[in-house]
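Copied over from TrEMBL, here are the features:
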{"type": "ACT_SITE", "residues": "A:Glu184", "note": "active site, proton donor/acceptor"}
{"type": "BINDING", "residues": "A:His25, A:Glu28, A:His122", "note": "Zn(2+) binding site"}
{"type": "DOMAIN", "residues": "A:16-206", "note": "domain 'Succinylglutamate desuccinylase/Aspartoacylase catalytic'"}
{"type": "DOMAIN", "residues": "A:225-307", "note": "domain 'AstE/AspA barrel-sandwich hybrid'"}
{"type": "SIGNAL", "residues": "A:1-26", "note": "signal peptide"}
2 protein chains.
Amino acid sequence: TIREKAMALLFLPALARMAVCGGTHGNELSGVYVVQEMERQRKEKGEGVWPIPVTTVLSNPRAVKECRRYIDTDMNRCFSRDTLSSPITDSSPYEVRRAQELNNLLGLKGSTDAIDLICDLHNTTSNMGLTLILCTSSDWVTLHICKYLQTKITKVPVRVLVLDFPISDAYSLESVSKHGFTLEVGPQPHGVVRADIYIIMKEAVDLTIDWIHKFNSGTVFEGGDVETYMLIKSVDYPRDPETRTLTAAIHPQLQDKDFCLLKRGDPLFLSFSGETVNYEEEETLHPFFINEAAYYEKGIAFQLAKKMMLTIPAVRVQKD
Amino acid sequence: TIREKAMALLFLPALARMAVCGGTHGNELSGVYVVQEMERQRKEKGEGVWPIPVTTVLSNPRAVKECRRYIDTDMNRCFSRDTLSSPITDSSPYEVRRAQELNNLLGLKGSTDAIDLICDLHNTTSNMGLTLILCTSSDWVTLHICKYLQTKITKVPVRVLVLDFPISDAYSLESVSKHGFTLEVGPQPHGVVRADIYIIMKEAVDLTIDWIHKFNSGTVFEGGDVETYMLIKSVDYPRDPETRTLTAAIHPQLQDKDFCLLKRGDPLFLSFSGETVNYEEEETLHPFFINEAAYYEKGIAFQLAKKMMLTIPAVRVQKD
């Protein structure tokens, strides 16, 4: 039974090396400053500052310098197996080159040499608190770290969002590592660093290092249930059919209500001339990435998820 | 006495024509959508949709299209007399060209042909509610409109900020018109439109049109006191002396507290390693533009103002 599976103890390999990556999107500043602060700490206190080896990476230095999301193309869509193996020419986008560099540094993706865990730091203009985004629902290590963060962080909601891609199609940076997740914290405007958001992100990174150290040291992490949200689909803004310009904004009653329960008849949009557009579907779902700045160009006003409980087994490190 | 001056009735010329400008900064979206909605209203209902002639302008169309603040340089610094009269060459920044175009359309600045009033629409990531920014403390028409908005809008704080530039040095778009002000609404992330912020901005524009119509129709507007804030100075972030990168963020106790009273010993910044930097000056002042995204590159963490009561005379339109 599921209950017995949860009680079983799984022995898993130690996590020898992890990477903390910031600035994958150059205008998401909390991650940039967390990486900067970790590099300062290492300079001040030496390599032993953390109980495990941590590689720090500023993922998209050119975009960080210009304080833009990207130079040529969204880098966090460049880590699919196809893009990572595409030949580089003079006309290759900067981010495709840089993604291949990062794959050489932290991968190779899908190989035994790949780094054990990438924690990729992101911000959103949506009111998503701390959201941990995973590409798969079957990685016990990552789900245990999520459970640990959900237990330890109480100042903001900690939610787990599962996209469930096949790894070869997964296009985000953390898909290069064996385990790994995106750490998404908001609301924070792009191009701004807010101390409250920075502090939550730094705490989540410190707790991730903490979990890995405890795991490597032989701590048994009990199994149990983890509440997750599974991505179902994206919803675009109402747009002018000819110009494609927005004709409505997120409705004030939906704005900032990420992960609420959306029911038939609830308001979604308020047009610029004052009309309300309601949610018309029967299925109750949870909206998130509500009014994320970077998703206007992707045609996404918000995404919808289904809540799902995952049962994970107890885990312990393998003895050598 | 001041009281008698306030009681005097001043006869002033009618305001024949006004302009509403949005997208002076291309990623400040409320103004872009207010202008779009006004153009839709005009298309639907004809020129008579407003009781006075209103010119609508998308100030920086290229920056709007790219959803960036500007292409080459900040356009809202291009309307000084010097920049407006500088010769255009192949290497002139796009915004300097466009500023000269707008001066031809709405000016010429300082001439009798200049449009009567420009209302230039802006957004800020700072929690400034509705802030009306004026270049001078001696324009009774503009101050009367401010007083009117302060009376009519109750959902958010309405504050008046005075920069007090000589008009020839004033570099912002509304300095092209005889009267005029910048309408700054926040908090809203750049690249995002929030319905609540859009609604406040649209209401302020509608009330401005309303005031001008009443004034032109002969309504007497009583004199009295207007609470204003006078800009004193700007304060930069703590930065690394070599790299110039930020070493601290706005302190959580100051974040979102625009226009609070800042006293000696109050926290200003929290460094990324956890130390607090306090306000050390004797003078109590009011901070604003706290953590505005666009001001990182200008070296401004926040600005400081002094509260000041201005007494304005009663006004009425001149008979022909």
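A Cβ is built for glycine as well, from the same backbone N, Cα and C atoms used for every other residue.
Any TrEMBL annotation is an automated prediction that lacks curation.
Positions of TrEMBL features highlighted on the structure.
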| residue | record | DSSP (3 states) |
| --- | --- | --- |
| A:His25 | Zn(2+) binding site | coil |
| A:His122 | Zn(2+) binding site | strand |
| A:Glu184 | active site, proton donor/acceptor | strand |
Message: Whole-number answer please: how many Å between the C-alpha atoms of A:Glu28 (Zn(2+) binding site) and the residue listed as 'active site, proton donor/acceptor'?
response: 10
- line: By a 10 Å Cβ neighbour count, the lowest-scoring of the recorded positions A:Glu28, A:Glu184 is A:Glu184
- line: Excluding its own, the Cβ atoms lying within 10 Å of the Cβ of A:His122 (Zn(2+) binding site) add up to 24
Other CB atoms within 10 A, centred on A:His25 (Zn(2+) binding site): 26
Query: Which numbers of helix, strand and coil residues does DSSP report for the domain 'AstE/AspA barrel-sandwich hybrid' (A:225-307)?
result: 3 helix, 35 strand, 45 coil
Task: Could you round the CA separation between A:His122 (Zn(2+) binding site) and A:Glu184 (active site, proton donor/acceptor) to a whole angstrom and send it over?
output: 5
Statement: Spacing of the two Cα atoms, A:His25 (Zn(2+) binding site) and the residue listed as 'active site, proton donor/acceptor', in whole angstrom, works out to 12
